[in-house]
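Residues annotated as ATP binding site in TrEMBL: Tyr20, Asn60, Asp87, Gly129, Leu130, His131, Gly132, Val133, Gly134, Ala135, Lys366. According to TrEMBL, the domain 'Toprim' annotation covers 446-560. The site 'Interaction with DNA' annotation in TrEMBL covers Asn480, His532, Arg649.
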Amino acid sequence: MAGTTEPADLFQDDAAQTAYDASSIEVLEGLEPVRKRPGMYIGGTDERALHHLVAEVLDNSMDEAVAGHANRIEVELTADGCCTVRDNGRGIPVDPHPKFPNKSALEVILCTLHAGGKFSGKSYATSGGLHGVGASVVNALSDSMIVEVARNRELYRQSFSRGVPLGPVEKVGAAPNRRGTTVTFHPDALIFGESARLKPSRLIGMVRSKAYLFSGVEIRWKCAPSLIGEKDDTPTEAVFHFPGGLADYLAERLEKASTYSDKPFAGRVQFAEKFGKDTAGYVEWAINWTPSIDAFVNSYCNTIPTPQGGTHEFGFWSAVLKGIRAYGELTGNRKAANITRDDVMGGGCAMISAFIREPEFVGQTKDRLATTDAQRLVELAVRDHFDNWLAGDPKSAGAILDYMVLKAEERLARRAEKETARKSATKKLRLPGKLVDCSTSTRDGTELFLVEGDSAGGSAKMARDRRNQALLPLRGKILNVLGAASSKLTQNQELNDLCQALGVAPGSKFRLDDLRYDKIIIMTDADVDGAHIASLLMTFFFTQMRPLIDHGHLYLACPPLFRITQGGKSVYARDEEEKDRLLAEGIGGRGKIEISRFKGLGEMDAKDLKETTMNPARRQLIQVTIDEDEPGETGDLVERLMGKKPEMRFQYISENARFAEVVDV
Ligand SMILES: Nc1ncnc2c1ncn2[C@@H]1O[C@H](COP(=O)(O)OP(=O)(O)OP(=O)(O)O)[C@@H](O)[C@H]1O
Ligand SMILES: [Mg+2]
Ligand SMILES: [Mg+2]
């Protein structure tokens, strides 16, 4: 039947179709879409998203600073849960907007998606803002937002709630010595939940990082003491200003680490110097290598953190990789050719900050930079500097090169090890001589019978289905493995044969994927010796190949318990009940009926063994499982199986249904 055929009644449901007409298509106006689907704008409504609101407002002030119009920003958290960001920039325009003469530009910016001054590159060269949504999204998701603008010696103010203006922009006084924008907002509990709070410890890191990303700005931090928890060491006030930029920050982070170079490789290149005056922006970086702390890379574009990296980061690592390889060639170190990007990045602690015109990010939270050109710009800008740096400091350069060569060698050695391991696994297995294998080449549906004794092995060999049933006769008793050291384990021939036949190694080297059979079936006599062997085997599997049991590969065969003979005719009974039934029905022979408790598998001929114990259509198997619900059960089980009294084990194995579950398979 074709997969696209619709059930007939789908066509009858006219009502459903009528109800879904043009009126069901909604066009969300203004800021409604933001409140309906915050995820699209801030990546969700969780804590990360909540803190992203501050990032949006702060980014706008940073853009103003990077554009050269502001040099001071203040961030304050107040006890009422509000956040205030103030800058001394140009101030958001407040004059009427040419397209909407009744509204100020301020209102248009805050109440309209995709309204902004960063589309053309005229007011801002390399801004973090680019979509014209940030400020309006914060407004939409705040139950209160107040924006104050000091411009033209006047102070203006407009208030909003959930994206709706509470009135027009108003002049509220004179501001003779002031300019800039102040945004105060309170995240809406309807969106973020009643318990949502801006966390000082989370915000101060962001605030600090902005300061070292742009050395031309000073950021003042203030936080109500009541917001700082007992074990929290976030300061209530701080001033961040890093004239040394990223190099300062890296030095601070690597203060306690030993590094391969005394001084980091750090620098800053204006793209215009290299690519002509029309190329706006620059790249700044700082990196050092250390064996003592985990490698990290923090990358940014236009002060926006890009935790998922992107083109700028890729270009940076390309420069470093090519530089170090070239240096190796120059100094006659042939192994340098083996170094890859991973080797260069491993152990490298790097800060990369690019400023480019019209960056393209993936999504509004801007986690990854997608601008293709950034890769080329950054790579070419960094490359020359790296070459010079290496040449100018041979001691550091040598140490870093040696370290990367070592990383490359380790990586190659690991790969070689993996490859040989794989080769030996796929190489034709050496199988023990006494294994009677089945003919199927795949594992699916195959069974390996572990058979006690040679005589039973003989009839089992004839009784089996040679396509999927294999046999491994086990001679004598296997070593009592529970107490044995693992060296003893590997010396035991029976166990070695068993492992080889199964295709797996015991202990930590066990790999379920290598198992050669689907079902491992222990088939021993229904007597004390048989029970002992079965228990030894189960203990072995339990302690050395536990996943084999956990994944349901281990079974016990259930040979019959009674044989009833009458005048040359024999039948077998699995239990008392079946025996009684057979006796009552009669087995169809003549003369005296003899009932014997069945002893060994060897007593049965191949046909009987097949019918009672091996043929999947007639037999019963007990699947060995471990009951995890009962604490102490497994340890207890091993105790019982391995205890001194063999009768107990026999009893346990033949009767304990908690441990072993009877299944018809
Ligand atoms: N502190 C500020 N100082 C001056 N102008 C600002 C300030 N904050 C916002 N603006 C103006 O408001 C516009 C809209 O800001 P908004 O954050 O909504 O969008 P954006 O920054 O352009 O882009 P993005 O959505 O990527 O943040 C900005 O483009 C800028 O012109
Ligand atoms: Mg913005
Ligand atoms: Mg906007």
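Glycine too: its Cβ is placed from the backbone N, Cα and C atoms.
Annotations in TrEMBL come from automatic prediction, not curation.
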Secondary structure content, the domain 'Toprim' (446-560) (per DSSP, counts of residues): 54 helix, 21 strand, 40 coil
Cα separation, Tyr20 (ATP binding site) to His532 (site 'Interaction with DNA') (Å, whole number): 73
For Lys366 (ATP binding site), the number of other Cβ atoms found within 10 Å of its own Cβ: 29
Contacting recorded positions, sequence order - Leu130, Gly132, Gly134, His532 vs ligand 2, Cβ under 6 Å: Gly134
Where the C-beta lies under 6 angstroms from ligand 3, the matching binding-site residues among Tyr20, Asp87, Leu130, Gly132, Lys366: Gly132
Segment confidence, the domain 'Toprim' (446-560), expressed as mean pLDDT: 82
Annotated recorded positions Tyr20, Lys366, His532, filtered by Cβ under 6 Å to ligand 1: none
Annotated ATP contacts Tyr20, Asn60, Asp87, Gly129, Leu130, His131, Gly132, Val133, Gly134, Ala135, Lys366, maximal Cα-Cα distance (Å, integer): 50
Nonlocal neighbours by CB distance (under 8 Å) for Gly132 (ATP binding site), same chain, sequence gap 6 or more: Ile109, Leu113, His114, Ala115, Gly116, Lys118, Phe119
Which of Tyr20, Asp87, Leu130, Gly134, His532, the listed recorded positions, has fewest other Cβ atoms within 10 Å: Tyr20
Assigned conformation of Gly134 (ATP binding site) - DSSP reduced to three states: helix
